[in-house]
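Have a look at this one.
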Amino acid sequence: MTETLTIRRPDDWHLHFRDGAMMRGVVPYTARQFARAIVMPNLTPPVTTTALGAAYRERILAAVPEGVDFRPLMTAYLTDETDADDLIDGYTHGVFTAAKLYPANATTNSASGVTDVEALYPVFERMAAAGMVLCIHGEVTDADVDVFDREKEFIERTMAPLHAAIPALKIAFEHITTSDAVDFVVGANDNIGATITPQHLHINRNAMLVGGIQPHNYCLPVAKRETHRLALRQAATSGPPKFFLGTDSAPHEKHTKESACGCAGIFGAPYALESYLAVFEEEDALDKFEAFASLNGPAFYGLPVNDETITLERVPHNVPDSLETEGGKVVPFHAGQELNWRLK
């Protein structure tokens, strides 16, 4: 039985740091594990310009513990009024690594998101020419579409037509949750990749609803049927290099999750690697973990892999029920459960 696992230091290709006290409280959890992270721009107000992106990056860097090497990779929040010149300028000058497309009102702080994706095709053409990645929250928001069908409908209505129209555009299909998304990514050209979260590998929709409402298992996109979870597991542990790690770690204070209208988001950062590794061990795929966590993402983004390594050891430990941060009390994914691996 393997007792330790050493891999190149991984990256998180999708997460939320928030801002202010919460940001300062959660950045260290990510920085201790990952060398880089794609940081979501859905603040209030959102990160829509190069100047805002540069300022947010400095705030994040100020929250990184002394002596820790961590690089935030910033994203621009796309709106119906996005200035393509500023966007591309931010990319070419190293402020932005990618741009983020939120359909309006699809998730937390997305009210300023895009209402007409096709109207932004000229912006996407500019991005494709520059080699800039488009990160997409792939859900429709129409009131007549069942919440469990939002991703499937988005593929048919928006993602497939966009890819057909601009096949040179690199698209990161973020936090995929369905076998439909897996099939789309596998069938598309190499400019389509996808991140998979730990929660969507561990839980199906029963985890939100059985035994009472479970608010700390509620995120967007919501977890789906068991058949979809199994398809995601297969993609992560034995699929092509198009799939890579992205936690979608999204901290909210405990009391805002446990309320009459609880916030969407799972705080996966504190035990992210241990959570993913549990899945790879269950699928007898420990030898595939480094590719998913450390190699596939850099290859998709055209960035070098990290030179450093990290080691996880088989040391069972209990995840605390909550964590006290500068931003308040937050409940981590796997709270109250035992994990078999621990980062040294």
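For all residues, glycine too, the Cβ spot is worked out from N, Cα and C.
Values in this document were obtained by computation on a predicted structure and should not be read as measured data.
Annotation source Swiss-Prot lists Zn(2+) 1 binding site at H14, H16, K100, D248. Residues or ranges marked as substrate binding site in Swiss-Prot (evidence: sequence analysis): H16, F17, R18, N42, H137, L220, H252, A264. Sequence annotations record features per position, and here Swiss-Prot assigns Zn(2+) 2 binding site to K100, H137, H175 based on sequence analysis. Residues or ranges marked as N6-carboxylysine in Swiss-Prot: K100. If you look up Swiss-Prot, you'll see D248 marked as active site.
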Residues near the Zn(2+) 1 site, H14, H16, K100, D248 excluded, by Cβ within 8 Å of the Cβ center?
L15, I38, V39, M40, N42, C135, H137, E174, H175, G246, A250
To which of the binding-site residues L220, A264 does the lowest count of other Cβ atoms within 10 Å belong?
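Candidates: the binding-site residues L220, A264. Fewest Cβ atoms within 10 Å: A264.
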Minimum Cβ neighbour count within 10 Å among the binding-site residues H14, R18, H137: which residue?
R18
Listed binding-site residues are H175, L220, H252; which of them have CA atoms within 10 A of the CA of H14 (Zn(2+) 1 binding site)?
H175
Same chain, not part of K100, H137, H175: whose C-beta falls within 8 angstroms of the C-beta centre of the Zn(2+) 2 site? Give them in sequence order.
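Same chain, not in K100, H137, H175, Cβ within 8 Å: H14, M40, L101, Y102, T107, C135, I136, G138, E174, D248.
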What does DSSP assign K100 (Zn(2+) 1 binding site), in three states?
strand
To the nearest whole angstrom, state the Cα distance for the pair K100 (Zn(2+) 1 binding site) and R18 (substrate binding site).
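About 15 Å separate the Cα atoms of these two residues.
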